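Going by Swiss-Prot, these are the annotated features:
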type	residues	note
BINDING	35, 168, 172	L-tyrosine binding site
BINDING	231	ATP binding site
DOMAIN	340-404	domain 'S4 RNA-binding'
MOTIF	40-49	motif ''HIGH' region'
MOTIF	228-232	motif ''KMSKS' region'
């Protein structure tokens, strides 16, 4: 029988283990309960969360039971990991609104029927803790000296770390202990930026409960240059269609760099790895076919098959000259002009009367390339922008132009 760990490793999910051999044996011999925490600092999940949910879904498909832990309690404190300044504190009402919204989204990705998965909120136990009891029962197991060496604290010490935030590691560690006692949860999964907090939880369960506990981190979603994916210049790529439309969501994946196609197919779809490798090996114009598969599959998972088809058809109509696009004015440029600022190209081809007018258009949010809003006046026209030999420019609500290479 195949071990789900092998599939997770093959797809590139796993970055670090606390106990690799123990984890392998446990997943081979038992159907375990594991958890991933989600921070409710917004009323929607974004693509950074989606990779964690795919991690959960692969584990669930292999027969293991996930707990999706929403941090309604820890959000009252704020996670200092990866932050250079203290987070803005949310009200209880804001947090509860976000928790309710995220719960609805999660139920689309993870099967919670018949006890196959559990939704939990750490506010249920953290908000009613007695502080003195907590210090005696949990604080005694943590070394301040060791905590100060954790990466999540080190980068904050120079600018100032509040005692409020310093408690976050204890609270997250206690989450693991609580879930271990209540659901026999033996494993935590999470992003690699949570490594220090996850180690704290594993050690607390092992010391306080004398039980099996381990953790593994999943790869953060980065592109070939090491930059976080799922972020646009305008902000996060949300899973909520009211925040990021299914079409814009589709177009984001349709426009990823060639070098990132195979990685995204492996991490963000359920396509078999043989097919992932075949698509990832395509070159030249053929890689556009792989990008269409990537965009369709991810949009289908997040927004459903109907919305994925609509997004695909809309994109095809725009680039194939569908009913509304059949008479789109087309300009041609020399290949040497690829790599120039889009404002220069548009001005030289008379798509815009002047670069000043183009800057105004961008600043007002009225210019898009291939369905994606241009956020900065220094946007460069790249080779990746050419889909099926053309770039579609939209000005305002109804004005379109195509740019093709001579």
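Cβ coordinates come from backbone N, Cα and C, glycine included.
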Per-residue Cβ crowding (10 Å cut-off), top of binding-site residues 35, 168: 35
Number of helical, extended and coil residues in the domain 'S4 RNA-binding' (340-404), per DSSP: 19 helix, 20 strand, 26 coil
For L-tyrosine, whose listed binding residues are 35, 168, 172, the greatest C-alpha pairwise distance in Å: 18
Neighbour tally for residue 172 (L-tyrosine binding site), based on other Cβ positions within 10 Å of its Cβ: 28
The motif ''HIGH' region' (40-49): DSSP-derived helix, strand, coil residue counts: 3 helix, 1 strand, 6 coil
